[in-house]
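Report on the structure given below.
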């Protein structure tokens, strides 16, 4: 689309507007790309450095600068911007390599993952292919820094989606701004400056939005295009200012470049998962990237930044897009197949992703980009296109052969197993019910094949955390005591359950444990996502945070009104972040906060009983694989769980309460299998399956009797 304008000729003739950086690939920018992809890979593979994820922000600035510069040159040359040509170039640049990565990842997921996880990966792949991955992960409440479930091997496509959504509108925005300025009779030599200021204001608005969204909806802010536009806009604004950059004196350039590089390196270690991101902390890597690009704009000499301009860095920059595409699927798929994080695992992943990137760049990305595919009819193909056509055909054949070989070889990968050594020492002074569970747990730990589970692993992962009538009582609406009470209405004794989602999973076993005695009623006052402590705890869902305080107050009031014989308190042992805190609660803070809320009803109840959550070990949703032995999903008890268990047990001793530790119903000698008998124990990292809730009810009943909590 090229609107005719009487001012276009003057605009194109203005030398200030046509001043730009050299047309070829800038080695400093290729080096920046290398830095960006390396730190992202290190972050995903090693979890180091703490701010490695800022590599994506570096990519955003580079992309905004280069694409905006390309569009500006087209406008200054032709007086318009061809949307069709722009999107043809984007398709050739982005789609072939990304499509190959998505398809191969889905094939790997089909061969390795369980059914439900594969289905979710297919949905992720569809979202990635349609450039909507960021909104899918934001809508799912995916926490980039703290995975509450299996990590998608395509999660990294969120950043590509942000870029393409930005570029869906960016050419039109640029054309509109430039055209309006020229048609309003603005001085041609000032048009670029005014347009740059307008783009800068758009970026500032995005930054302001990002600052607000980071504080109120941090998960959505991380993936949001609106909260990331300012980073691409920073590069775009710099592209508008390119003529001014070319006037920068040579003696200032090295200092600016090194200052920018230092800012980026500082960001790698000053920024971590607790930092407010993307605003304001992304300002540090964004500013650093802008300084490096600014220092190299308008000059052919970039030798003052050898760390970026050496041949190795430039080559890694060339393949950075392909390396970014392939590194995350390699890490996630390999992590599902191979036991442990040994040096061989890290080395193998590094080699695999590097080989995939080299293969992808030289046989798919670069040949297609240089080919005549999607070239405008009548247009002349770029030099060397004929030679590349053969390479493109070879790339297609090679990709197909690779898929077939991978599919054929995967069944011959040795089944992965962990070495589990048990002494055979059974716990003493336990009930017959607990002893029976211990025997089944030890048998499961020694199993080399998956039994016929009921429900299946896939069904367990897709199922609810508790029966429907219990789940209905855990929402954020007003507490309904009558609707959430089970048992004989003529019962003379009452038990109340409070807490978060862990409490909801204890309701059914408590109903069964107490239900054989018709003198008991059980009432559920728990709330999903609402930790039962005196402090307000953060949650990815803002509506839960907003309702949590009121739900806790209603629960306390209901307990005081009911004056129950027993109150069972159950919360997750996962790290809890109080609202406005940058660090998780310490065990001591947990004790004090829990003690405070219990004191608000302690005098009105008979006994308070703390129910510990199932031990944290392996996440079945993440570890389950079609080609791995059951032991691959066996895990040892998480040290943080043990710390919290000790802290909560100490609390019960201080306030004259009772404590029930379910460890022996899930684990033997610190090892915890993913199933007991033929029943999956948990549906994710922390929540029992409803089937296992029923299975442990007799052991829970015996424990309550043995401790003298009840006299059934």
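Placement of Cβ uses the backbone N, Cα and C atoms for every residue, glycine included.
Per TrEMBL, the features are:
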DOMAIN    28-359  domain 'Acyltransferase 3'
DOMAIN    482-701  domain 'SGNH'
TRANSMEM  54-73  transmembrane segment
TRANSMEM  94-113  transmembrane segment
TRANSMEM  165-182  transmembrane segment
TRANSMEM  194-212  transmembrane segment
TRANSMEM  232-248  transmembrane segment
TRANSMEM  255-271  transmembrane segment
TRANSMEM  277-298  transmembrane segment
TRANSMEM  319-338  transmembrane segment
TRANSMEM  344-364  transmembrane segment
TRANSMEM  395-413  transmembrane segment
Recorded stretch that, among 54-73, 165-182, 194-212, 344-364, has the most CB pairs under 8 Å to the transmembrane segment (232-248): 54-73
Mean predicted confidence [pLDDT] for the domain 'SGNH' (482-701): 93
Same-chain residues near the transmembrane segment (277-298), Cβ under 8 Å, at least 6 residues beyond its ends: 19-21, 26, 28-29, 32, 51, 54, 57-58, 60-62, 65, 207, 210-211, 213-214, 218, 221-222, 227-228, 230-231, 234-235, 238, 242-243, 245-248, 252-254, 256-257, 259-264, 266-267, 270-271, 304-305, 308
Residues of the parent chain within Cβ reach of the transmembrane segment (319-338), under 8 Å, 6 or more residues beyond its termini: 30, 33-34, 36-37, 40-41, 44-45, 59, 97-98, 101, 104-105, 108-109, 112-113, 151-156, 345, 348-349, 352-354, 356-358, 360-361, 364-365, 413, 416, 622-623, 625, 627-628
Interface present between the transmembrane segment (165-182) and the transmembrane segment (255-271) (three or more C-beta pairs under 8 A): no
Remote residues contacting the transmembrane segment (94-113) - C-beta distance under 8 A, at least 6 residues beyond either end: 121-122, 125, 128-129, 153-154, 157, 160, 164, 321-322, 325-326, 329, 333, 336-337, 360-361, 364-365, 368, 399, 402-403, 406-407, 410, 624-627
